[in-house]
Amino acid sequence: MNITIVDHPLVQHKLGLLREADTSTMKFRQLTQELARLLAYEATRDFELESVTIDGWCGKIDVKQIKGKKVTVVPILRAGIGMLDGVLDLVPSAKISVVGLARNEETLEPVSYFEKFVGNLDERIAIIIDPMLATGGSLVATIDLLKRNGCKHIKAVVMVAAPEGVKIVNDAHPDVQIYAASLDSHLNEHGYIIPGLGDAGDKIFGTKQA
């Protein structure tokens, strides 16, 4: 499977706290941002650098900077918004693209209702963020949209993934690397990840869970 599990002690500790059933909205939101920051750190590890000359306090010096166009972060609405601030803490100059996809609870297929992409996607690295990679439909649809708009370099950062969803994404887009805190056991009959986190969107936004 084309997936990187970030097995850092801080990542695993925060994931464990997120899994608690009685975690408050405030705490869940805070932990989501913290975990997103740590996962994004790993996802940006292979960014290409270039040397540039700057004016330092002691004169001109050579330093390293990320080469080429900056990143676009792509939250999948609505739950992906909960991870956005954590990623922007690391790459504050990143442009933000947005994809709105809702899951049909009967067919489990994604339905697009909003798309807004920044310019020059062909020159940017896109980092898709979504707390859960369950069936894989939303992630595949988002990657499809990005590629259709010219994006060539795409990564996906999720907190928890199911094997079924990872396979769907790998089969459709083998060039896209997935980063996750955990590869969980399976999907249940309703398409939810087991053990998972529950409904991450409801927990982040404080809305009623079914």
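A Cβ is built for glycine as well, from the same backbone N, Cα and C atoms used for every other residue.
Annotated features in Swiss-Prot:
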BINDING   R78, R103, D130, P131, M132, L133, A134, T135, G136, G137, S138, D199  5-phospho-alpha-D-ribose 1-diphosphate binding site
BINDING   I193, G198, D199, A200  uracil binding site
Distance, A200 (uracil binding site) to D130 (5-phospho-alpha-D-ribose 1-diphosphate binding site) (CA atoms, angstrom): 9
Where I193 (uracil binding site) falls in three-state DSSP terms: strand
I193 (uracil binding site) versus S138 (5-phospho-alpha-D-ribose 1-diphosphate binding site) - Cα distance in angstrom: 14
Per DSSP, three-state class assigned to A200 (uracil binding site): helix
Cβ neighbour count within 10 Å of M132 (5-phospho-alpha-D-ribose 1-diphosphate binding site): 26
Around the Cβ of A200 (uracil binding site), the count of other Cβ atoms that are within 10 Å: 25
Separation of alpha carbons, M132 (5-phospho-alpha-D-ribose 1-diphosphate binding site) and I193 (uracil binding site) (Å): 8
Set of same-chain residues at least 6 away whose C-beta sits under 8 angstroms from R78 (5-phospho-alpha-D-ribose 1-diphosphate binding site): G100, G201, I204, F205
Rounded Cα-Cα span from A200 (uracil binding site) to A134 (5-phospho-alpha-D-ribose 1-diphosphate binding site), Å: 12
